[in-house]
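Undergrad: This structure is in structure tokens; I'll ask about it shortly.
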Amino acid sequence: QFFVFCHGLLQLSQLLISGYLKSTISTIERRYGLSSQTTGLLTSFNEVGNTLLIVLISYFGSRVHRPRFIGCGAILVALAGFLMSLPHFITGRYKYDQSVASIFSNATDLCQPDALGSSRNFSDGSCTPRTAKENHELLLVMFVAQALRGIGGVPIQPFGISYIDDFASERNSPLYLGILFSLTVIGPGVAFMLGSAMLHFYVDIDKVAGEEIQLTNKDPRWVGAWWLGYLIAASLVAVSAVPYFFFPREMPKEVGWGKVRPAVHYSCDFPVVLLRNLRHPVYLLVVLAQVNLSAMVAGLATFMGKFLERQFSLTASFANMIIGAVNIPGAMVGIVVGGAIMKRFQMSLRQCGALCILGMLLCVVLAFPLLFLGCPTQKVAGVTYKDSSGYEHRAPECNLRCRCPERAYNPVCGSDAIEYVSPCYAGCEVVNIDALKNTNYSSCSCISENGLSGSAKPGSCGTGCSRLLLPFVVLSCLAGILASTSHTPSFMLILRSVQPEDKSFAVGMQFMLLRVLAWMPSPVLFGSAIDTSCVLWERKCDRNAACRYYDNDLFRHR
């Protein structure tokens, strides 16, 4: 029972690291200027280390000291967690464009008609060969950490499950495995809640004093303390790794009722077994169905937070809270309900298949309206919105004299409800800060109010349809519950359709196929699809960095 407790703790903290990455994706993109395709690849990169080794490990399972192997794996995972946070400590402060010349920046992006010379290009000074190299190094560190996490995670689940199954009594084994399984599902929920908590803090909380932080977490330039969660999760993994070095290689079997298991003779003829299973139509079709479902889940898990942020103008912190508190628990409920229905009606294989189909059909019906539940893109002058004279350029006449820096990004919302990329682009010449630190821009030549030049407030105008958030969350949660009811019956279809001695091999094959066909490619495909809906890229060193604005309708449909 102590082993089960330790294993539960380890699995939970290991899942914290992987789930936490997904909850901080949009933040890491913004902080290091990455496209969604890159972050998608980063998310799925741990599967590479994992897949290469899983077959070997499962094969040698019975011949090694399993608890020690699990302990070593866990230490690798903890190391990977600490590595993931390293980029924060080796780079300088997070820099963003400011409109107030403060102690940290002498650059102001107000309209300064007297600025002589060509357009001021202060954000380009940041592109030295060193910064370009630094960026590659950061990515390399993160990719290595992900691969390490994949390799370290290999022994944890298969060895833990087989160890428990070998030494638990017939009667208790399903209970123990059920406990572990439920933790596997709770883990990501806890991870998203952790992400939600950490992103409340400013990224450089350890490098700048509180009063120097000028952004609020509603500002589109805000970056939360994404690295903090890794330190917490990795420390947890390291702590839960310790007991494994003290478990024996074999335990006395737990006393309980039930017969001793008959030894199953595994056939060592690998190709024969492989072909026998792959030619089995039920096995093959169910696995392919699971591949499609898992591909969707893997893509959603990675980018759902980002989607909510962009569609409904939420903070990263709030978006993670919704996923951790609503969507993931919904999936858990679905899995439990599916299992309960099966048990209650003692379903045959055919009925299991029917239950899966029904769950999926209802899920599709409920998910269909989600195509239309979302917000149009906010009007951004010169990016997503042309004014009456048909200007699409980012510099209509009204701000030509300002000589705005090419790449400034400090969005303001004009009193005409149109967003401008920076105060300079709105032609604002004056900035006022009152006693409560509220900022306001005035005499903006591009914003006309009753024939006079208007004013602007810092921050994005937002998409302005937050009323659709509730129906969206409710529908997506229900669709998730229905889809996950098929989880247990589809597993049963696989376990009962193959020959008894092929069982563990069939499950191993199934996970292998899910990894290669779903978990690896899916986040990359989702990320690439999201990138195609970008309308304004941040540029770093003459290449696209992170996306500033998406075409929301395209983003949603794709």
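Positions of Cβ are set from backbone N, Cα and C atoms, glycine also.
What TrEMBL says about a protein is an automatic prediction, not a curated fact.
Quick caveat, the model's predicted, so the values are computed rather than measured.
Annotations per TrEMBL:
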DOMAIN    392-448  domain 'Kazal-like'
TRANSMEM  41-62  transmembrane segment
TRANSMEM  69-90  transmembrane segment
TRANSMEM  138-163  transmembrane segment
TRANSMEM  175-203  transmembrane segment
TRANSMEM  223-247  transmembrane segment
TRANSMEM  282-305  transmembrane segment
TRANSMEM  317-341  transmembrane segment
TRANSMEM  353-373  transmembrane segment
Undergrad: Just to be sure I understand, if DSSP states are collapsed into helix, strand and coil, how many residues of the domain 'Kazal-like' (392-448) fall in each?
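TA: Output for the domain 'Kazal-like' (392-448) reads 6 helix, 21 strand, 30 coil.
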Undergrad: So if I exclude everything within five residues of the ends of the transmembrane segment (223-247), which remaining residues of that chain have a CB under 8 angstroms from its CBs? That is, six or more out.
TA: 2-3, 6, 9-10, 13-14, 16-17, 20, 23-24, 27-28, 30-31, 67-68, 70-71, 74-75, 77-82, 84-85, 87-89, 94, 191, 194-195, 198-203, 205, 217, 316-317
Undergrad: What mean pLDDT score does the domain 'Kazal-like' (392-448) have in the model?
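TA: Taking every residue of the domain 'Kazal-like' (392-448) together, the mean pLDDT is 78.
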